[in-house]
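Just below is one structure, and these are the notes that go with it.
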Amino acid sequence: SLILLVAVQALTEEDLQLLRQTSAECKTESGASEAVIKKARKGDLEDDPKLKMQLLCIFKALEIVAESGEIEADTFKEKLTRVTNDDEESEKIVEKCTVTEDTPEDTAFEVTKCVLKDKPNFFGDLFV
């Protein structure tokens, strides 16, 4: 997809390796099933506690979510801009999608759902 192509071009090979490694480590930590992760890659997020843990783990590793569970808006925008190559678009997504839910896991899940509404292929196989 175009979005994934842009993501690959905007991120260095080192970035991609780190994301894949982080995703693998988080999968081990969260226990999320491969089936649920495959669906998530396609933009189909199941309301699954292990998937939520997976997303939170990745967001923490990318420093998008603080230890407190709150979204780090500046870091979130910076990471998005590296993928979108569009500062204005990233700003709009951050403003719209920076939410705080009852738990850090729910926050990561809802942020992901929000981003995927506008960009269904945004995360591709890089982030989950």
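Just so it is clear, glycine is given a Cβ too, placed from its N, Cα and C backbone atoms.
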Bond partner of Cys26 - disulfide, per Swiss-Prot - picked from Cys57, Cys97: Cys57
Alpha-carbon distance [Cys57 (disulfide bond); Cys97 (disulfide bond)] in Å: 18
Secondary-structure category, per DSSP, in which Cys57 (disulfide bond) falls: helix
CB within-chain contacts under 8 A for Cys26 (disulfide bond), separation at least 6: Ala32, Met53, Gln54, Cys57, Ile58, Ala61
